[in-house]
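Participant: Annotations per TrEMBL:
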| type | residues | note |
| --- | --- | --- |
| DOMAIN | 10-403 | domain 'Major facilitator superfamily (MFS) profile' |
| TRANSMEM | 50-69 | transmembrane segment |
| TRANSMEM | 81-100 | transmembrane segment |
| TRANSMEM | 106-126 | transmembrane segment |
| TRANSMEM | 138-162 | transmembrane segment |
| TRANSMEM | 168-187 | transmembrane segment |
| TRANSMEM | 218-235 | transmembrane segment |
| TRANSMEM | 255-274 | transmembrane segment |
| TRANSMEM | 286-303 | transmembrane segment |
| TRANSMEM | 376-399 | transmembrane segment |
Amino acid sequence: MTHPHPRRAALAFVAVTIFLDYSAQSISFPILPRLAQELLGGDAASAARWTGFLEVAWAIPQFLAAPFLGMLSDRFGRRPVILISVFGVGAELVMGALAPTIGWLMAARILCGLTCGAQAAAMAYVADVTPPEDRTRAYGWTTAALWSGIILGPALGGLLAAHDLRTPFWVAAAVAFVGGVYGLFVLPESLPKEKRAPIRWAKANPWGAVDLLVQRKGLLVLGIALLLIWLAFQAKDNLLVLYTAHRYGWSPLDFGVFCSALAVASIAVQTGLTGRIAKALGDRRTVLLGLALEIVGFAAVGLAPTGVWFWIANLPVVLGSMATPALQSLMSSKVGEAEQGRLQGAMGSIASLTSITAPIAVTQVFAATLTWGPAWSGLTILIGGALSLAAWILVLAFAGPVSLEKKNP
(Lines of atoms letter the chains of each structure in order from A; the text may use other names.)
(Lines give C-alpha, C1' and ligand atoms only; values in the text may rest on other atoms or scores of the structure.)
Protein backbone atom coordinates (compact mmCIF):
# COMPACT_ATOMS: atom_id res chain seq x y z
CA MET A 1 0.00 0.00 0.00
CA THR A 2 1.29 3.45 -0.88
CA HIS A 3 1.82 6.21 1.68
CA PRO A 4 -1.15 8.56 2.24
CA HIS A 5 0.08 11.63 0.34
CA PRO A 6 1.26 9.79 -2.82
CA ARG A 7 -1.92 7.73 -2.64
CA ARG A 8 -4.08 10.86 -2.58
CA ALA A 9 -2.20 12.28 -5.57
CA ALA A 10 -2.62 9.00 -7.44
CA LEU A 11 -6.34 8.77 -6.62
CA ALA A 12 -6.79 12.37 -7.75
CA PHE A 13 -5.16 11.49 -11.06
CA VAL A 14 -7.42 8.45 -11.45
CA ALA A 15 -10.47 10.65 -10.82
CA VAL A 16 -9.21 13.12 -13.44
CA THR A 17 -8.69 10.21 -15.86
CA ILE A 18 -12.29 9.08 -15.42
CA PHE A 19 -13.50 12.67 -15.84
CA LEU A 20 -11.49 12.95 -19.07
CA ASP A 21 -12.85 9.63 -20.36
CA TYR A 22 -16.47 10.60 -19.87
CA SER A 23 -16.14 14.24 -20.85
CA ALA A 24 -14.37 13.08 -24.04
CA GLN A 25 -17.38 10.89 -24.78
CA SER A 26 -19.96 13.56 -23.96
CA ILE A 27 -18.24 16.79 -25.09
CA SER A 28 -19.11 15.91 -28.68
CA PHE A 29 -22.82 15.24 -28.04
CA PRO A 30 -23.98 18.77 -29.01
CA ILE A 31 -21.39 18.96 -31.80
CA LEU A 32 -21.67 15.64 -33.64
CA PRO A 33 -24.94 16.36 -35.51
CA ARG A 34 -23.64 19.69 -36.82
CA LEU A 35 -20.16 18.35 -37.60
CA ALA A 36 -21.65 15.35 -39.40
CA GLN A 37 -23.85 17.69 -41.44
CA GLU A 38 -20.82 19.82 -42.32
CA LEU A 39 -18.82 16.76 -43.43
CA LEU A 40 -21.78 15.50 -45.48
CA GLY A 41 -22.15 18.73 -47.41
CA GLY A 42 -25.12 20.08 -45.48
CA ASP A 43 -27.41 17.06 -45.99
CA ALA A 44 -29.56 17.12 -42.82
CA ALA A 45 -31.21 13.74 -43.43
CA SER A 46 -27.89 11.94 -43.89
CA ALA A 47 -26.46 13.77 -40.88
CA ALA A 48 -29.35 12.55 -38.70
CA ARG A 49 -28.73 8.94 -39.74
CA TRP A 50 -24.97 9.18 -39.25
CA THR A 51 -25.32 10.83 -35.83
CA GLY A 52 -26.96 7.67 -34.51
CA PHE A 53 -24.13 5.54 -35.90
CA LEU A 54 -21.53 7.88 -34.37
CA GLU A 55 -23.17 7.66 -30.93
CA VAL A 56 -23.08 3.86 -30.98
CA ALA A 57 -19.57 3.77 -32.49
CA TRP A 58 -17.92 4.29 -29.09
CA ALA A 59 -20.37 2.26 -26.99
CA ILE A 60 -19.91 -1.07 -28.81
CA PRO A 61 -16.06 -0.99 -28.80
CA GLN A 62 -16.14 -0.01 -25.13
CA PHE A 63 -18.46 -2.94 -24.37
CA LEU A 64 -16.06 -5.32 -26.13
CA ALA A 65 -12.77 -3.80 -24.92
CA ALA A 66 -13.46 -3.20 -21.22
CA PRO A 67 -12.99 -6.84 -20.07
CA PHE A 68 -9.80 -7.21 -22.12
CA LEU A 69 -8.31 -3.97 -20.78
CA GLY A 70 -9.27 -4.92 -17.23
CA MET A 71 -7.56 -8.30 -17.61
CA LEU A 72 -4.59 -6.58 -19.25
CA SER A 73 -4.21 -4.47 -16.11
CA ASP A 74 -4.26 -7.64 -13.98
CA ARG A 75 -1.35 -8.96 -16.05
CA PHE A 76 0.87 -5.91 -16.67
CA GLY A 77 -0.29 -3.52 -13.94
CA ARG A 78 -2.75 -0.64 -13.80
CA ARG A 79 -0.36 2.22 -14.60
CA PRO A 80 0.47 1.40 -18.24
CA VAL A 81 -3.15 0.71 -19.14
CA ILE A 82 -4.36 3.94 -17.52
CA LEU A 83 -1.69 6.04 -19.24
CA ILE A 84 -2.37 4.40 -22.61
CA SER A 85 -6.03 5.28 -22.07
CA VAL A 86 -5.30 8.95 -21.36
CA PHE A 87 -3.03 9.35 -24.38
CA GLY A 88 -5.49 7.34 -26.48
CA VAL A 89 -8.29 9.74 -25.57
CA GLY A 90 -6.03 12.62 -26.61
CA ALA A 91 -5.31 10.94 -29.95
CA GLU A 92 -9.03 10.32 -30.54
CA LEU A 93 -9.81 13.98 -29.90
CA VAL A 94 -7.10 15.12 -32.32
CA MET A 95 -8.56 12.77 -34.94
CA GLY A 96 -11.97 14.33 -34.36
CA ALA A 97 -10.56 17.83 -34.67
CA LEU A 98 -8.82 17.00 -37.97
CA ALA A 99 -11.54 14.76 -39.44
CA PRO A 100 -11.89 15.57 -43.17
CA THR A 101 -14.58 12.94 -43.80
CA ILE A 102 -17.39 11.21 -41.94
CA GLY A 103 -15.41 7.95 -42.07
CA TRP A 104 -12.49 9.59 -40.31
CA LEU A 105 -14.85 10.87 -37.60
CA MET A 106 -16.29 7.37 -37.22
CA ALA A 107 -12.77 5.97 -36.74
CA ALA A 108 -12.15 8.58 -34.03
CA ARG A 109 -15.30 7.52 -32.18
CA ILE A 110 -14.27 3.86 -32.35
CA LEU A 111 -10.86 4.73 -30.91
CA CYS A 112 -12.64 6.66 -28.15
CA GLY A 113 -14.60 3.54 -27.22
CA LEU A 114 -11.50 1.35 -27.19
CA THR A 115 -9.44 3.69 -25.00
CA CYS A 116 -12.21 4.88 -22.71
CA GLY A 117 -12.78 1.23 -21.83
CA ALA A 118 -9.63 1.47 -19.68
CA GLN A 119 -11.78 2.92 -16.91
CA ALA A 120 -11.70 -0.70 -15.69
CA ALA A 121 -7.99 -0.31 -14.90
CA ALA A 122 -8.64 3.02 -13.17
CA MET A 123 -11.31 1.54 -10.90
CA ALA A 124 -9.09 -1.48 -10.17
CA TYR A 125 -6.35 0.97 -9.17
CA VAL A 126 -8.74 2.47 -6.60
CA ALA A 127 -9.39 -1.00 -5.16
CA ASP A 128 -5.64 -1.73 -5.00
CA VAL A 129 -4.68 1.34 -2.98
CA THR A 130 -7.77 1.72 -0.78
CA PRO A 131 -8.59 -0.48 2.22
CA PRO A 132 -12.08 -2.03 2.09
CA GLU A 133 -13.44 0.25 4.82
CA ASP A 134 -12.54 3.35 2.75
CA ARG A 135 -13.42 1.97 -0.66
CA THR A 136 -16.96 3.34 -0.86
CA ARG A 137 -15.66 6.84 -0.18
CA ALA A 138 -13.02 6.44 -2.90
CA TYR A 139 -15.60 5.12 -5.35
CA GLY A 140 -17.75 8.11 -4.41
CA TRP A 141 -15.00 10.41 -5.67
CA THR A 142 -14.66 8.47 -8.92
CA THR A 143 -18.44 8.44 -9.38
CA ALA A 144 -18.44 12.21 -8.89
CA ALA A 145 -15.76 12.49 -11.57
CA LEU A 146 -17.76 10.25 -13.91
CA TRP A 147 -21.00 12.22 -13.59
CA SER A 148 -19.14 15.52 -13.79
CA GLY A 149 -17.73 14.41 -17.14
CA ILE A 150 -21.13 13.27 -18.41
CA ILE A 151 -22.93 16.45 -17.28
CA LEU A 152 -20.30 19.11 -17.92
CA GLY A 153 -18.97 17.63 -21.18
CA PRO A 154 -21.94 18.69 -23.34
CA ALA A 155 -22.07 22.12 -21.68
CA LEU A 156 -18.37 22.73 -22.38
CA GLY A 157 -18.75 21.36 -25.90
CA GLY A 158 -21.61 23.71 -26.69
CA LEU A 159 -19.79 26.70 -25.23
CA LEU A 160 -16.47 26.05 -26.99
CA ALA A 161 -18.20 25.30 -30.31
CA ALA A 162 -19.86 28.72 -30.44
CA HIS A 163 -17.35 29.93 -33.06
CA ASP A 164 -15.77 26.71 -34.38
CA LEU A 165 -17.15 23.17 -34.18
CA ARG A 166 -13.67 21.68 -33.79
CA THR A 167 -12.46 23.86 -30.91
CA PRO A 168 -13.87 21.52 -28.20
CA PHE A 169 -11.82 18.64 -29.62
CA TRP A 170 -8.58 20.66 -29.53
CA VAL A 171 -9.15 21.94 -25.99
CA ALA A 172 -10.05 18.50 -24.62
CA ALA A 173 -7.08 16.91 -26.43
CA ALA A 174 -4.70 19.43 -24.88
CA VAL A 175 -6.09 18.66 -21.42
CA ALA A 176 -5.75 14.91 -22.04
CA PHE A 177 -2.12 15.15 -23.16
CA VAL A 178 -1.20 17.43 -20.24
CA GLY A 179 -2.90 14.96 -17.89
CA GLY A 180 -1.01 12.06 -19.45
CA VAL A 181 2.35 13.76 -19.00
CA TYR A 182 1.41 14.62 -15.42
CA GLY A 183 0.48 10.98 -14.80
CA LEU A 184 3.88 9.80 -16.00
CA PHE A 185 5.39 11.55 -12.97
CA VAL A 186 2.77 11.16 -10.20
CA LEU A 187 1.12 7.79 -10.85
CA PRO A 188 2.94 4.86 -9.21
CA GLU A 189 2.07 1.26 -10.01
CA SER A 190 -0.47 -0.17 -7.56
CA LEU A 191 -0.33 -3.90 -8.36
CA PRO A 192 2.88 -5.70 -7.28
CA LYS A 193 4.35 -8.14 -9.79
CA GLU A 194 3.88 -11.09 -7.47
CA LYS A 195 0.11 -10.47 -7.37
CA ARG A 196 -0.43 -10.26 -11.12
CA ALA A 197 -2.45 -12.83 -13.02
CA PRO A 198 -1.87 -14.33 -16.48
CA ILE A 199 -4.19 -13.36 -19.32
CA ARG A 200 -6.82 -15.98 -20.03
CA TRP A 201 -7.80 -15.15 -23.58
CA ALA A 202 -11.04 -17.12 -23.43
CA LYS A 203 -12.20 -14.83 -20.62
CA ALA A 204 -11.01 -11.53 -22.16
CA ASN A 205 -14.43 -10.60 -23.55
CA PRO A 206 -17.85 -9.57 -22.18
CA TRP A 207 -19.11 -13.14 -22.12
CA GLY A 208 -16.01 -14.40 -20.35
CA ALA A 209 -16.39 -11.60 -17.81
CA VAL A 210 -19.79 -12.98 -16.84
CA ASP A 211 -18.00 -16.15 -15.70
CA LEU A 212 -16.31 -14.20 -12.90
CA LEU A 213 -19.69 -12.93 -11.70
CA VAL A 214 -20.96 -16.51 -11.60
CA GLN A 215 -17.88 -17.86 -9.77
CA ARG A 216 -18.28 -15.68 -6.69
CA LYS A 217 -21.17 -16.23 -4.32
CA GLY A 218 -23.65 -13.37 -4.57
CA LEU A 219 -21.63 -11.46 -7.16
CA LEU A 220 -23.95 -12.19 -10.08
CA VAL A 221 -26.93 -10.81 -8.16
CA LEU A 222 -25.00 -7.64 -7.34
CA GLY A 223 -24.00 -7.33 -11.01
CA ILE A 224 -27.65 -7.57 -12.05
CA ALA A 225 -28.53 -4.94 -9.45
CA LEU A 226 -25.84 -2.65 -10.86
CA LEU A 227 -27.22 -3.20 -14.37
CA LEU A 228 -30.71 -2.24 -13.18
CA ILE A 229 -29.41 0.92 -11.47
CA TRP A 230 -27.57 2.09 -14.57
CA LEU A 231 -30.58 1.29 -16.75
CA ALA A 232 -32.75 3.35 -14.39
CA PHE A 233 -30.53 6.40 -14.74
CA GLN A 234 -30.31 5.91 -18.50
CA ALA A 235 -34.12 5.85 -18.62
CA LYS A 236 -34.15 9.30 -17.03
CA ASP A 237 -31.03 11.01 -18.31
CA ASN A 238 -31.32 10.09 -21.99
CA LEU A 239 -34.55 12.06 -22.28
CA LEU A 240 -33.96 15.05 -20.04
CA VAL A 241 -33.48 17.57 -22.86
CA LEU A 242 -36.57 16.42 -24.75
CA TYR A 243 -38.62 15.79 -21.62
CA THR A 244 -38.06 19.16 -19.94
CA ALA A 245 -38.61 21.04 -23.20
CA HIS A 246 -41.84 19.14 -23.89
CA ARG A 247 -43.36 19.13 -20.41
CA TYR A 248 -42.07 22.38 -18.90
CA GLY A 249 -41.12 24.44 -21.94
CA TRP A 250 -37.50 24.77 -20.82
CA SER A 251 -35.02 26.61 -23.01
CA PRO A 252 -31.41 25.44 -23.52
CA LEU A 253 -30.39 28.00 -20.88
CA ASP A 254 -32.90 26.58 -18.36
CA PHE A 255 -31.55 23.10 -18.99
CA GLY A 256 -27.94 24.24 -18.73
CA VAL A 257 -28.58 25.87 -15.34
CA PHE A 258 -30.28 22.70 -14.11
CA CYS A 259 -27.39 20.48 -15.29
CA SER A 260 -24.84 22.73 -13.61
CA ALA A 261 -26.74 22.59 -10.32
CA LEU A 262 -27.15 18.83 -10.67
CA ALA A 263 -23.41 18.41 -11.20
CA VAL A 264 -22.56 20.48 -8.11
CA ALA A 265 -25.07 18.59 -5.97
CA SER A 266 -23.86 15.20 -7.21
CA ILE A 267 -20.24 16.05 -6.49
CA ALA A 268 -21.17 17.25 -2.99
CA VAL A 269 -23.03 14.01 -2.23
CA GLN A 270 -20.36 11.69 -3.63
CA THR A 271 -17.38 13.45 -2.07
CA GLY A 272 -18.85 14.64 1.22
CA LEU A 273 -21.68 12.31 2.18
CA THR A 274 -21.30 8.86 0.64
CA GLY A 275 -18.17 7.82 2.54
CA ARG A 276 -19.53 9.00 5.90
CA ILE A 277 -22.81 7.15 5.49
CA ALA A 278 -21.04 3.97 4.36
CA LYS A 279 -18.78 4.09 7.44
CA ALA A 280 -21.80 4.51 9.70
CA LEU A 281 -24.15 1.99 8.05
CA GLY A 282 -21.91 -0.36 6.06
CA ASP A 283 -22.00 -0.86 2.31
CA ARG A 284 -25.10 -3.06 2.13
CA ARG A 285 -27.31 -0.72 4.14
CA THR A 286 -25.95 2.25 2.21
CA VAL A 287 -26.99 0.56 -1.04
CA LEU A 288 -30.48 -0.11 0.33
CA LEU A 289 -30.86 3.45 1.63
CA GLY A 290 -29.64 4.93 -1.64
CA LEU A 291 -31.96 2.77 -3.71
CA ALA A 292 -34.93 3.66 -1.50
CA LEU A 293 -34.21 7.35 -2.09
CA GLU A 294 -33.88 6.71 -5.83
CA ILE A 295 -37.24 4.93 -5.93
CA VAL A 296 -38.96 7.89 -4.25
CA GLY A 297 -37.04 10.37 -6.40
CA PHE A 298 -37.80 8.70 -9.73
CA ALA A 299 -41.50 8.56 -8.87
CA ALA A 300 -41.50 12.24 -7.89
CA VAL A 301 -39.56 13.30 -11.00
CA GLY A 302 -41.83 11.34 -13.34
CA LEU A 303 -44.95 12.90 -11.79
CA ALA A 304 -43.63 16.46 -11.22
CA PRO A 305 -46.28 18.81 -12.68
CA THR A 306 -44.07 21.91 -12.93
CA GLY A 307 -40.43 22.79 -13.46
CA VAL A 308 -40.11 23.88 -9.83
CA TRP A 309 -41.35 20.51 -8.60
CA PHE A 310 -38.99 18.83 -11.07
CA TRP A 311 -36.05 20.59 -9.39
CA ILE A 312 -37.24 19.54 -5.93
CA ALA A 313 -37.98 15.97 -7.01
CA ASN A 314 -34.41 15.44 -8.19
CA LEU A 315 -33.04 15.93 -4.66
CA PRO A 316 -33.73 12.35 -3.45
CA VAL A 317 -32.34 11.02 -6.76
CA VAL A 318 -29.08 12.88 -6.17
CA LEU A 319 -28.92 11.68 -2.56
CA GLY A 320 -29.71 8.14 -3.67
CA SER A 321 -26.75 8.09 -6.04
CA MET A 322 -24.68 6.93 -3.04
CA ALA A 323 -25.98 3.45 -3.86
CA THR A 324 -23.71 3.03 -6.88
CA PRO A 325 -20.27 3.45 -5.21
CA ALA A 326 -21.43 1.41 -2.22
CA LEU A 327 -22.52 -1.39 -4.54
CA GLN A 328 -19.22 -1.20 -6.43
CA SER A 329 -17.40 -1.49 -3.10
CA LEU A 330 -19.47 -4.55 -2.18
CA MET A 331 -18.59 -6.20 -5.47
CA SER A 332 -14.91 -5.26 -5.21
CA SER A 333 -14.70 -6.89 -1.78
CA LYS A 334 -15.72 -10.24 -3.25
CA VAL A 335 -12.61 -10.72 -5.41
CA GLY A 336 -8.88 -10.72 -4.73
CA GLU A 337 -6.31 -8.20 -5.93
CA ALA A 338 -5.32 -10.22 -9.00
CA GLU A 339 -8.91 -10.13 -10.31
CA GLN A 340 -9.88 -6.50 -9.64
CA GLY A 341 -9.18 -5.54 -13.24
CA ARG A 342 -11.28 -8.40 -14.55
CA LEU A 343 -14.15 -7.44 -12.25
CA GLN A 344 -13.98 -3.79 -13.24
CA GLY A 345 -13.92 -4.85 -16.88
CA ALA A 346 -17.14 -6.77 -16.31
CA MET A 347 -18.68 -3.66 -14.71
CA GLY A 348 -17.49 -1.58 -17.65
CA SER A 349 -19.22 -3.92 -20.07
CA ILE A 350 -22.41 -3.68 -18.02
CA ALA A 351 -22.27 0.12 -18.22
CA SER A 352 -21.59 0.03 -21.96
CA LEU A 353 -24.45 -2.40 -22.52
CA THR A 354 -26.86 0.09 -20.95
CA SER A 355 -25.43 2.85 -23.17
CA ILE A 356 -26.15 0.74 -26.26
CA THR A 357 -29.64 -0.51 -25.42
CA ALA A 358 -31.26 2.14 -23.23
CA PRO A 359 -31.21 5.16 -25.61
CA ILE A 360 -33.06 3.21 -28.30
CA ALA A 361 -35.64 1.77 -25.90
CA VAL A 362 -36.44 4.89 -23.90
CA THR A 363 -36.71 7.19 -26.91
CA GLN A 364 -39.21 4.81 -28.53
CA VAL A 365 -41.31 4.68 -25.35
CA PHE A 366 -41.16 8.47 -24.97
CA ALA A 367 -42.18 8.97 -28.60
CA ALA A 368 -45.21 6.73 -28.03
CA THR A 369 -46.29 8.64 -24.89
CA LEU A 370 -46.40 11.94 -26.80
CA THR A 371 -49.64 10.77 -28.39
CA TRP A 372 -51.16 9.76 -25.04
CA GLY A 373 -51.16 13.20 -23.40
CA PRO A 374 -48.85 15.18 -21.04
CA ALA A 375 -49.62 13.00 -18.02
CA TRP A 376 -47.87 10.05 -19.70
CA SER A 377 -44.67 11.83 -20.72
CA GLY A 378 -42.90 10.81 -17.50
CA LEU A 379 -43.50 7.09 -18.06
CA THR A 380 -39.89 6.23 -18.88
CA ILE A 381 -38.75 7.92 -15.66
CA LEU A 382 -41.32 5.92 -13.70
CA ILE A 383 -39.97 2.78 -15.38
CA GLY A 384 -36.56 3.85 -14.06
CA GLY A 385 -38.07 3.90 -10.57
CA ALA A 386 -39.42 0.37 -11.09
CA LEU A 387 -35.94 -0.79 -12.12
CA SER A 388 -34.50 0.75 -8.94
CA LEU A 389 -37.16 -1.09 -6.93
CA ALA A 390 -36.14 -4.38 -8.57
CA ALA A 391 -32.50 -3.67 -7.67
CA TRP A 392 -33.51 -2.89 -4.06
CA ILE A 393 -35.37 -6.21 -3.79
CA LEU A 394 -32.38 -8.12 -5.19
CA VAL A 395 -29.93 -6.56 -2.72
CA LEU A 396 -32.32 -7.01 0.21
CA ALA A 397 -33.05 -10.64 -0.59
CA PHE A 398 -29.74 -11.96 -1.87
CA ALA A 399 -26.80 -9.74 -0.84
CA GLY A 400 -25.28 -11.60 2.11
CA PRO A 401 -21.98 -11.13 3.98
CA VAL A 402 -18.93 -10.22 1.90
CA SER A 403 -17.03 -13.38 1.04
CA LEU A 404 -14.33 -14.56 -1.33
CA GLU A 405 -15.84 -18.01 -1.39
CA LYS A 406 -16.46 -19.47 -4.86
CA LYS A 407 -19.75 -21.03 -5.76
CA ASN A 408 -19.68 -24.78 -5.73
CA PRO A 409 -19.73 -26.33 -9.20
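Residue numbering: from 1, along the chain as shown.
Even glycines carry a Cβ here, placed using N, Cα and C.
Caution: TrEMBL annotation is automatic and unverified by curators.
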Participant: Six or more residues beyond either end and a Cβ under 8 Å away: which residues meet both conditions relative to the transmembrane segment (138-162)?
Facilitator: 11, 14-16, 18-31, 34, 122-123, 126, 130, 168, 171-172, 237, 252, 256, 259-260, 262-263, 266-267, 269-271, 274-275, 321-322, 324-326, 328-329, 332
Participant: Is the transmembrane segment (286-303) in contact with the transmembrane segment (81-100), using at least 3 Cβ pairs under 8 Å (sequence separation of 6 or more) as the test?
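Facilitator: No, since the transmembrane segment (81-100) and the transmembrane segment (286-303) share fewer than 3 Cβ pairs closer than 8 Å, they do not count as touching.
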Participant: Counting Cβ pairs closer than 8 Å, which of 168-187, 218-235, 255-274, 376-399 has the most of them with the transmembrane segment (286-303)?
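Facilitator: Ranked by Cβ pairs under 8 Å, first place goes to 376-399.
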